[in-house]
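See below for the structure under consideration.
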């Protein structure tokens with residue numbers, strides 16, 4: 001175990017050439033980065049749980065968030081076992097075999113699985129609570145980060161990030177800024193199994209891992225100055241997205257659309273212009289004016305490039321939504337992270353079935369109307385014929 005610890009904390013991995021851990025301990029200032037500080041981040045999970053129960057849920061009722069009424073399924077042990085162990089969406093052949101096992105029709109089995117999937121779908125209240133928690137965090141983090149950085153030299157001149165590196169004392173405000181961000185992303189990663197599963201689930205997992213490694217490594221290697229700028233750039237647009245989601249779940253469509261347009265503009269500028277031109281250029285090029293490349297240099301920049309690749313992917317989704325809004329006249333839900341993949345398919349299936357039922361009912365109605373018309377016309381013809389026959393019988397008597 002001691003050998004593993006010595007290998008993990010080798011100074012060649014974390015510090016530039018010529019710098020030792022002993023030199024970091026002699027650093028002036030009230031704080032210096034310590035790896036054990038990362039454990040303070042795990043308390044965020046309990047804070048989130050309390051916030052969603054005590055603040056977010058009552059707020060959802062005030063804003064008018066409504067949950068759809070979902071039908072309960074009848075107890076069916078065979079179907080429940082298949083649902084939990086095999087698949088949530090059985091094929092036609094599997095449904096046929098399940099029909100033979102249960103005293104239900106093919107249609108009833110399909111309906112049972114549809115209603116069972118609906119019970120597992122997250123409600124609007126749950127999604128609102130999750131979005132409100134993220135909104136509050138991103139807003140607080142962005143405001144606190146901006147206040148703590150706006151008067152620093154490296155906020156305006158990125159070369160100052162490397163002046164005296166790595167023996168740079170950490171200010172209290174920046175220490176807590178790091179702890180806040182680390183705690184939040186640890187809570188996102190640890191709660192990923194219970195959070196709403198979204199279309200870009202895999203991309204979000206990659207993003208969480210890259211962010212945690214980036215923050216953890218930059219903290220231990222004292223990349224604090226450039227790390228604070230990275231966090232500030234990311235927080236500048238995320239709180240707008242979460243606020244748009246909140247109003248979407250509450251049914252405030254115009255407010256949601258307006259906030260999303262603002263979010264899209266801020267996201268494209270900060271992630272596709274500011275981040276590569278200021279942050280990545282600073283770490284790749286300007287840092288070489290102070291020290292030679294080492295293992296931590298390559299690792300840190302690789303994580304930044306991973307984040308930039310995700311930015312480009314999400315920017316593509318946002319631009320596609322803007323295209324639909326401008327040329328098709330509609331603004332769909334956020335394709336970046338707000339739409340769940342499975343529930344959307346289920347809703348589409350229900351809508352298609354409803355449309356099929358309506359179309360089949362319309363066809364039947366047309367057929368019934370045509371038959372009624374034929375029947376009424378035949379009745380009218382029969383009446384006219386009978387009246388004419390009666391008139392012909394009465395003519396000889398009148399003569």
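Cβ coordinates come from backbone N, Cα and C, glycine included.
Region 'Disordered' is the annotation TrEMBL gives to one range among 338-362, 363-387, and that range is 338-362. Per TrEMBL, the listed range annotated as DNA-binding region is 81-124 (candidates: 37-80, 81-124). Segment annotation: TrEMBL labels transmembrane segment over residues 175-194 (candidates 175-194, 195-214).
According to DSSP, the DNA-binding region (81-124) comprises 31 helix, 0 strand, 13 coil.
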